[in-house]
Amino acid sequence: MVSERQLEAIKIDMDTIEVSNLNRQFLFRQSHVGQSKAKVARDAVLKFRPQMSITAHHANVKDPKFNVEFFKQFNVVLNGLDNLDARRHVNRLCLAADVPLVESGTTGFLGQVTVHVKGKTECYECQPKPAPKTYPVCTITSTPSKFVHCIVWAKDLLFAKLFGDKNQENDLNVRSSDASSSAHAEDVFVRRKDEDIDQYGRRIYDHVFGYNIEVASSNEETWKNRNRPKPIYSADVMPENLTEQNGNVAKNCVVDTSSVSAMASLGLKNPQDTWTLLESSRIFLEALKLFFAKREKEIGNLSFDKDDQLAVEFVTAAANIRAASFGISLHSLFEAKGIAGNIVHAVATTNAIIAGLIVIEAIKVLLKDTDKYRMTYCLEHITKKMLLMPVEPYEPNKSCYVCSETPLSLEINTSRSKLRDFVEKIVKAKLGINFPLIMHGSNLLYEVGDDLDEVEVANYAANLEKVLSQLPSPVTNGTMLTVEDLQQELTCNINIKHREEFDEEKEPDGMLLSGWTQAPPAKDDKQSMNDKQSIGNGGDSSNALQTEPADAVKDGEMEEISEPSGKKRKLSEGSKASILDATDGTRNHKEVEKLDDDDDDDDDVVMFDDLDSMTNKKKRLQ
């Protein structure tokens with residue numbers, strides 16, 4: 001057995017505790033709001049397990065200090081992160097350090113725990129994760145039909161234009177009707193010298209909800225089979241004196257930005273109430289005023305954050321006004337925040353179940369009980385009295401570019417796309433590489449790092465702005481690029497295929513990455529998986545968890561089905577029914593697994609180390 005006295009744990013978490021965290025976990029209390037999650041969790045656990053050794057880091061797990069050498073000191077890593085990028089980062093560090101990883105995630109009533117061991121099971125990235133939902137720009141800017149379209153417009157276009165980087169490209173129309181004849185007309189969104197904030201707010205309101213809608217609705221062809229939107233001007237919704245009744249704001253006083261609220265300023269209290277068009281308009285102007293009065297120093301550097309109350313209020317109000325113009329139902333702040341932040345609200349019971357399963361798998365890893373590792377799925381609906389569905393881990397995917405180092409293929413217009421496009425859209429966004437080093441043969445095209453001299457930095461910056469075919473070592477059809485991340489100790493080869501045209505709707509990036517797919521059917525090694533089977537709740541999943549319900553699946557009730565990997569696995573009839581129930585009968589088992597990319601859980605990484613083995617390691621090093 002694993003004794004608590006033998007265990008040392010390290011917890012890494014960069015977040016502080018918020019009120020919304022209190023309803024989905026069991027360690028934090030109201031008095032902890034604003035404090036470090038890692039440190040409070042450590043203190044809470046030590047109160048009932050004082051003999052344990054726990055070190056808390058209030059930090060980002062992607063910090064350079066948490067490198068491969070840091071990970072090598074542990075026997076197991078437990079992941080509970082809330083974003084795909086961080087999960088991939090930890091997966092790669094665990095592979096490089098050869099440390100088992102126990103992954104987990106929850107989405108509402110659904111959840112799963114998976115075990116990843118280098119060379120024995122698939123890694124976290126062996127199966128491509130669903131890409132975040134994207135929408136065509138023309139739909140967002142011109143023909144929204146759903147409230148989510150309005151949220152994306154308010155968050156990614158309007159909020160970014162008003163409060164974000166002014167140099168960033170933006171698809172909002174910035175020209176007003178009285179400036180259409182001038183080639184050098186002013187940007188409507190730039191506040192004029194000595195312009196009153198109320199006048200500025202109404203001018204922005206009238207431009208985006210009035211004039212721009214008029215321009216959009218003037219295209220007869222566009223609205224032939226659609227409901228034509230109605231322009232909304234501020235004077236139509238609220239008289240001039242109503243703006244003056246909005247909250248009076250003292251400028252440049254010291255204030256906690258998290259407490260700045262347009263709702264509070266206007267006396268609106270319930271975030272689950274759906275605002276009227278008038279209320280949304282007042283919130284819009286009040287939030288704009290508060291940003292300039294209380295947070296003016298941040299303007300130009302802001303990006304939307306679901307935990308920024310004022311930002312959520314502004315985006316909700318703007319989305320509601322736009323929705324009203326296009327005949328779309330208005331939503332509450334609570335609903336809009338969930339959409340804007342991709343939030344599926346957490347359920348404490350699910351989190352508790354998954355936490356218990358994490359511990360069970362961690363114990364198996366520490367005991368090196370590899371035959372009993374399980375990937376366990378928590379289902380929303382009980383089918384044949386099954387809520388938990390444990391299955392044996394999958395073998396590594398031979399086409400995985402992370403753990404099997406299989407080359408990828410990229411279709412791209414090498415005569416038009418710049419190196420910057422490749423770095424931003426593929427290397428960082430698709431592959432999750434944080435500190436890229438890009439080579440063409442022995443020629444170094446791009447690199448980042450603190451050890452570069454000024455000449456190197458200038459050369460690489462210049463390369464970013466060159467199209468691929470005009471780089472010092474030209475990248476053309478058939479070129480093989482090597483991309484490395486020294487922090488993650490990851491190397492990836494990408495075969496370049498030149499392609500002239502792309503579908504702007506289906507391929508908005510202007511490039512297509514392929515090769516990172518589920519493994520093709522294998523002819524010679526089917527038998528290696530044939531004997532594996534899913535273990536229902538009635539099966540022996542581990543020594544730590546043994547149950548025997550009345551309707552336990554019998555040996556004779558096994559059916560063989562094809563897995564996404566091309567291998568076959570025996571699956572109990574009860575388990576099969578559970579899979580279909582969890583996915584409405586439309587998806588296979590692997591899709592049940594994809595629950596962790598946008599969950600609303602906290603960012604947690606816990607590493608466990610056996611103290612006795614650590615002592616031996618130190619002796620060997622000495």
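Yeah, the Cβs are placed from backbone N, Cα and C, and that goes for glycine too.
Look at TrEMBL and you will find 12-401 tagged as domain 'THIF-type NAD/FAD binding fold'. Averaged across the domain 'THIF-type NAD/FAD binding fold' (12-401), pLDDT for the predicted model comes to 86.
The feature ATP binding site is assigned by TrEMBL to ASP13, ASN21, LEU22, ASN23, ARG24, LYS37, ASP82, ASN83, LEU84, ASP85, ALA86, ARG87. Contacts of LEU22 (ATP binding site) defined by a Cβ separation under 8 A and a same-chain sequence distance of 6+ are given as PHE28, ARG29, GLN30, VAL33, in order along the sequence.
Residues or ranges marked as Zn(2+) binding site in TrEMBL: CYS123, CYS126, CYS400, CYS403.
Panel annotation: around the domain 'Ubiquitin-activating enzyme SCCH' (293-337), residues 18, 144-147, 149-151, 153-156, 158-160, 162-166, 197, 205, 208-209, 213, 227, 229-232, 249-253, 255, 257-263, 271-277, 280-281, 283-284, 287, 343 of the same chain, lying at least six beyond its termini, place a Cβ under 8 Å from a Cβ of the stretch. Residues annotated as domain 'Ubiquitin-activating enzyme SCCH' in TrEMBL: 293-337.
Taken from TrEMBL, the feature domain 'Ubiquitin/SUMO-activating enzyme ubiquitin-like' covers 410-502.
Annotation source TrEMBL lists region 'Disordered' at 499-603.
Per TrEMBL, the feature compositional bias 'Polar residues' maps to 530-546.
According to TrEMBL, the compositional bias 'Acidic residues' annotation covers 594-603.
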Worksheet entry | Least buried by Cβ count (within 10 Å) of the binding-site residues ALA86, CYS123, CYS126, CYS400, CYS403 | ALA86
Discussion item. Comparing the binding-site residues ASP13, ASP82, which residue's C-beta has the most other C-beta atoms within 10 angstroms in this structure?
Written reply: ASP13
Item to complete: Could you measure between LEU84 (ATP binding site) and CYS123 (Zn(2+) binding site) for me? Cα positions, answer in whole angstrom.
Response: 14
Worksheet entry | CYS123, CYS126, CYS400, CYS403 excluded, remaining Cβ within 8 Å of their centroid (Zn(2+)) | LEU95, GLU122, TYR124, GLU125, PRO396, ASN397, VAL402, SER404
Worksheet item: Cα of ASP82 (ATP binding site) to Cα of CYS403 (Zn(2+) binding site): how many Å, rounded?
Response: 22
Practice prompt. Would you mind pulling the longest C-alpha to C-alpha span across ASP13, ASN21, LEU22, ASN23, ARG24, LYS37, ASP82, ASN83, LEU84, ASP85, ALA86, ARG87, which the record has binding ATP, in angstrom?
Written response: 26
